[in-house]
Amino acid sequence: MLLNSTRTLLLTYGRLLFAPGREGRQSRLAKGVSAWTVAAEGEKGGQLSPAPESTSCCGAAEVNEIKERDTKTCRQASSAGHNDLGLQEKEKSSGDESAFSSLGLNEEKRRALTLVLDGAPLFIGGGAGVGKSYMIQSIVTALRAKDLDVVVTASTGIAALNIGGSTFHSTFGVRVTSVGNSETNESCAVSILRYSKSLLAKVDVIVVDEVSLLHARHLEGLDIAARGAPGRIPHLPFGGIQVILCGDFMQLMHSTENCTSQDGGGDAGNKIGYRGDETTENTAGQNRSDVSSTAAVTDQGHIMSAVKNICVGERQRTSSGLIFESPLFLTCLLHLQLCEVKRHGDTAFLNDLNKLRQGVLTRRMMRSALVNPEDPNAIQLYPTRRSVAAFNESKMLELDGEEHLFRSIVESAGLSGPKGHASPNSRGANNVDGCNDVVVLHFLEKMRSSRRWQREVKKFVGQICTRCGISGIATSVVAPPYSSRQPYLKVYVHFCVSKQYDCLYPVAKMKAEWERSYYGTTPESKSARRFFGRVLFEVKHKNSLSTFLRASLKQAYSKVIESDNVLQSKRLKVGCRVILLRNLSNEYVNGSTGTVIGFQPVNKSRHLFPKGIRTQLSRKVYASLSRRPVVSSDSSAGSSENSYGGNGKEQALDVVNYDDVIVPIVRMDADGKDVAIPWLSLPLPDLQDRVFCTARVVTMPLVPAYAFTVHKTQGLTLDHSILLDCKGFFPCNHIIYVAASRVKKFSQLRMINVSPRMVTVHPGALHFSSSLPNVAEAETKWKKWKELQRMVNNGKALSASNPSVLELALYCATWKHHK
């Protein structure tokens, strides 16, 4: 009933759903690359098939059935013939053929590449060792050869380094959020919308590797931001940008427990543009009934609303944070899997890995520590960062070289401006500035530790600021969790004002409004005094607070800093292996490794800083690392625009000649060059909307690299022997498979403290991965989509009996319009 009625609905507006891509992109796709088109996943008329929500391992019968299906699919892929579509037609240029031969791709990957060059948005799946990373590199090379603007990203730093890109979060400006509680979960959902729209406005293709480690909201937030970027097509998925995703959901996936509840609904979803009505499983069924009852409706608005209700109902019933359960991922990408394994030349080892992938640990794999010889230089893999840190520390104790402690410090950069307005320290704004005066309200009868009173006080003070009624003035009201001698609650009010106002003007207006609203004779004023008690109104200059703020921040967040792998103080020795934790330049990024060969002062090693460095510190910050006082008062020397990289702007280092500001010299593995690693200023986590000033931590972005977490190695092929110690393993699907599949031969693998009960498989991921079509099936589906597109563009009528008509809804992205 639902299938037939929805087909009738979609026939009435199918012509409206097809639209050409950007003209600029079309002009550069003259060699057979078509306009943007979206493709569908699913074999049964485009219906969504949400994966089961169980987290236990699959049963033996289901595993055997899926295993047989996988074997059959791969055999079909190896024997299937070409389909005559896209760039596989006779009109394919000789330039493309020469490009294919130069890339050294096998037949399967060449056919996948033709789909990409034909404009298909793709998800490329496949097991470990099939060459997904090399496939991504080949795709990027071919697209850039056609003068397309391609952005290459990955979910982790090491995976990004492996494909020559950057992390997804750093590329699009998405804040990495630790979501351990409901408050942070809400801010995580909001932050997803903060994508770089300037980048989205000009890019042609976005490539994301290791997509399984991203939350579904990252992909959906990218879609919302791209459709709202300047010059984009709002009604097309991703605004018309071709998106290529790559990954394996049978490897490590995003941790759903930390980012979203099992039902997936609630306020967090509404924050990023979902429907405001709270559709439950019952109301989702009601929405389907509504669609059936309105089958004869021809009004476009009602039709679009009906389709949106279907998609939203599915989303709220199946959302768990996993990308393969997102309707956007299921409906707006053409899916395929690569089957030909390239990494592992050991056939017996490959068979063991395939069984491990499906949840079966063979006896040969269990005895790997006994069968294979011990390698003292083997890379250690652990499940937790704590175990990695302990092993790295033990290796450091074995070294006899010079040792140096790089102690992290907290830096209070200044007062934080209200959301959407310039920071007080940001002088780039033309008509907005921050006041030097700050209003401090001391609620002497309310305790600072009470979250309830913090909310009530901030709400009350915010209402008073609103009643001031001054246009062009924005306020920032915060109750920071600073430690101090006074246990009572303090609220800070800071103003960002237009240039036409004096900074004292809003302070005077607020004081007058405070006197009237709090100390007046009205019933509301009397009620406020009874409710909040004694309050002291005080005005302070921001500079007088800097010392207190820095000390309070360090005390309040010392545990956070020392428990953070990046922000904590580092102890390094000459001769120790290290890994870079942040992007410094195009050559040296998060995940780059090397060996410490010495320590030098800043003034003697500036020529060793990376060229074109992305991040830099001001003179003032480098002076704070020294025990000597600041000599120069030239404010221009502290500009954040100064660079270490030889661009002619070295004033920041010219005025810092302190011998006790030390940096490590690292011989990088990538090119063998000696590089001075600079100090970095990184944001203090969990401070958004909770603090009075912008606070950062100045730290050294290096850690010892004798051991890694399994998560860090996903996407890599290791040439060294590895030792996987499973002691202290936490429940994590696919983690044993990811670790074991990093090497090419069984002789390179040793596993200890492992048992069969540690090998678990996510049923939904197994179901999705086993149902992925091979390249031949993807080609057939893409050809069908192109034929449907031509029919609609030519004004031809589509028959309701056509099973592909329902899939026309997959061209429409209006179900996620941001309101």
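Placement of Cβ uses the backbone N, Cα and C atoms for every residue, glycine included.
What Swiss-Prot annotates here:
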- 734-754: DNA-binding region (DNA_BIND)
- Gly126, Gly127, Ala128, Gly129, Val130, Gly131, Lys132, Ser133: ATP binding site (BINDING)
- 76-101: region 'Disordered' (REGION)
- 1-84: transit peptide (TRANSIT)
Whole-number mean of pLDDT values that fall within the DNA-binding region (734-754): 89
Cβ packing number for Lys132 (ATP binding site), 10 Å threshold: 24
CB contacts for Val130 (ATP binding site) [other CB atoms within 10 A, all chains]: 23
Ser133 (ATP binding site), number of other Cβ atoms within 10 Å: 19
